[in-house]
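What follows is one structure encoded as structure tokens, with my remarks underneath.
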Amino acid sequence: MAKMTVLKYPDERLRKVAQPIAKVDDSIRAVIDDMFETMYDEQGVGLAATQVDVHQRLFVADCSEDQNEPLVFINPEITKAEGHFKNDEGCLSFPGVYAKVERAETITVKALDKNGEEFSMNAEGLLAICIQHEIDHLNGKLFVDYLSPLKRERIRKKLEKEQRLAEKFASEAQ
Ligand code: ZN
């Protein structure tokens, strides 16, 4: 297993639309293992393939308190969405940024698991938010797209500045 690099906003690759996965094979399962390692290492609750520059319809999640309930969703599709719910969201592609986003409160999602078997599950609360957030990633959509242009611009500037500082620091440390 190997840790992957998570793309940071405003990297344009985060805007790519991911392609459906035709066959769930060992190469996909290797990507899944690396994505879990990356997500747990970065203390995230979800990670979409798009975020690690793999443009296939796949995400991993673990919204349990003890981070011991790994979930894999391949070619996910929301088949039912009900209610409205607004909560703070963060994202590994936006370090240190949190913003309130409105989502459906309860959803039903259909996907393939890591063995290529189809399953369907109901989700609410944090998991429902996470699933909607990750499916957005696969469509090149980001949680800041729900905010006002002004707020989004402020976040872009903040992250660009932090990335410049990090690069400067890295080059000086060499
Ligand atoms: Zn995200």
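In case you wondered, yes, glycine gets a Cβ from its N, Cα and C as well.
Features as listed in TrEMBL:
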| type | residues | note |
| --- | --- | --- |
| BINDING | C91, H133, H137 | Fe cation binding site |
| ACT_SITE | E134 | active site |
Self-check item: Cβ within 8 Å of the mean position of the Cβ atoms of C91, H133, H137: remaining residues of the chain near Fe cation
Solution: G46, A48, Q51, E89, S93, E134, D136, L142, F143
Exercise. Quick one: pull the CA-CA distance for C91 (Fe cation binding site) versus the residue listed as 'active site', whole Å only.
Key: 10
Quiz prompt | Surrounding CB atoms that lie within 10 Å of the CB of H133 (Fe cation binding site), all protein chains | solution = 22
Self-check item: Cβ contacts of H137 (Fe cation binding site) (under 8 Å, same chain, 6 or more positions away)
Solution: L14, A18, A48, T50, Q51, F59
Self-check item: Those residues of the chain, 6+ apart, with a Cβ under 8 Å from that of E134 (active site)
Solution: G46, L47, A48, F59, A61, F73, P76
